[in-house]
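Remarks on the structure that follows.
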Amino acid sequence: MSFIPVAEDSDFPIQNLPYGVFSTQSNPKPRIGVAIGDQILDLSVIKHLFTGPVLSKHQHVFDETTLNSFMGLGQAAWKEARASLQNLLSASQAQLRDDKELRQRAFTSQASATMHLPATIGDYTDFYSSLQHATNVGIMFRGKENALLPNWLHLPVGYHGRASSVVVSGTPIRRPMGQMRPDNSKPPVYGASKRLDMELEMAFFVGPGNRFGEPIPISKAQEHIFGMVLMNDWSARDIQQWEYVPLGPFLGKSFGTTISPWVVPMDALMPFVVPNPKQDPKPLPYLCHSQPYTFDINLSVALKGEGMSQAATICRSNFKHMYWTILQQLTHHSVNGCNLRPGDLLASGTISGSDPESFGSMLELSWKGTKAIDVGQGQTRTFLLDGDEVIITGHCQGDGYRVGFGQCAGKVLPALSPA
């Protein structure tokens with residue numbers, strides 16, 4: 001138990017301690033903090049209290065404006081930091097609890113803070129690792145007989161996204177303009193996307209990277225994974241459908257990707273590990289791992305339209321539905337010698353279960369726009385309207401506590417007028 005009061009339904013008990021980057025009106029410099037209850041502990045203020053064998057030599061990483069350097073220190077530093085923080089925040093420890101002057105400088109209410117991206121994201125890769133999602137999309141566009149492409153059950157399919165347009169929760173997303181071909185009997189047209197969608201995803205940040213030309217074996221992959229966030233991979237389906245052959249997504253995805261600001265460390269998620277999904281056929285040896293490494297994370301998506309008094313939940317899913325694990329994703333990404341770096345972001349792909357209510361995109365929930373999605377108060381949707389706010393939340397449920405991720409939210413702004 002912490003000396004900081006934490007409600008039972010708080011996302012941020014002492015069992016969590018996620019890392020983020022924040023600023024305040026009184027101190028506009030972005031700095032590294034840890035969430036506890038409704039407070040933020042400023043690590044730049046208490047860096048001198050990290051006196052373990054690793055961090056005593058690297059206290060300066062907590063003076064930086066991003067988590068990249070801390071991410072790059074590796075598991076020994078992360079575990080040492082977590083143990084120190086849990087000790088300092090414990091109700092039985094006086095060092096921080098009883099130092100009123102230090103406490104006053106070290107803690108900030110989350111309500112008064114502005115959150116920033118937790119890391120400088122050098123590269124962003126999006127995978128396509130939900131069997132149900134891949135099957136659903138395949139049925140819609142290719143038919144039931146050709147739902148899965150031949151490679152899907154053999155490797156974690158992915159594509160390189162646009163790191164520059166990854167934004168932190170709360171950043172508005174402008175409806176994109178682009179080229180579409182709504183009528184195959186007519187030439188393509190240019191205009192605002194009419195099929196703007198959300199995608200329920202999660203993502204993980206890379207810790208230490210690998211040298212150029214040297215793959216990360218799956219037995220070592222866990223050592224390179226710092227922590228996880230929620231993600232909304234906004235998608236313009238009409239732009240995407242016209243452009244994606246033969247090289248895959250481009251402008252239909254690159255206009256905006258939202259992540260939650262708090263990075264939940266993997267050690268906070270390990271109590272919620274569950275068996276990996278059965279993979280048939282068995283993957284090639286470089287992708288095989290026996291240790292469980294997927295997680296029971298309850299996920300939900302809510303939509304709040306303009307004029308709606310409250311948001312309506314349109315999807316409930318779970319991260320455990322993923323077919324390919326994050327260890328497999330990381331290893332496959334590096335198998336050709338591609339070098340990953342601290343702060344790189346690797347995303348899961350849309351998270352869909354077998355139940356229609358667990359489908360993680362409006363493309364699936366509306367079945368390509370043929371079914372209305374009830375969002376309450378007499379309103380329905382097939383795709384997103386201007387003014388709609390999408391709010392993704394997620395948590396692991398423990399005994400009397402929960403390890404949560406906060407919110408991943410964004411509101412749709414109207415498209416700019418064509419030039």
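The backbone N, Cα and C atoms fix where each Cβ goes, and this holds for glycine too.
When D233, D238, D267 are compared with the Mg(2+) site residues K253, T257 in Swiss-Prot, the one appearing in that site is D233.
The candidates are S84, S112, S290; Swiss-Prot tags S84 with the feature phosphoserine. Swiss-Prot names E199, E201, D233 for binding Ca(2+). Of D99, D123, D126, D296, the residue it gives for the same site is D126. Recorded residues E201 (Ca(2+) binding site) and Y128 (substrate binding site) have their alpha carbons 10 Å apart, per Cα-Cα distance. Of all the recorded positions listed here (S2, S84, T257, S309), T257 has the Cα closest to the Cα of D126 (Ca(2+) binding site).
Working note on the binding-site residues E201, D233: by count of other C-beta atoms within 10 Å of each C-beta, E201 ranks first. The 10 Å shell around the Cβ of T257 (Mg(2+) binding site) contains 27 further Cβ atoms across the protein chains shown. If you take the C-beta of S2 (N-acetylserine) and look for same-chain residues 6 or more apart in sequence within under 8 angstroms, you find P13, I14, I36, G37, L89, S90, A91.
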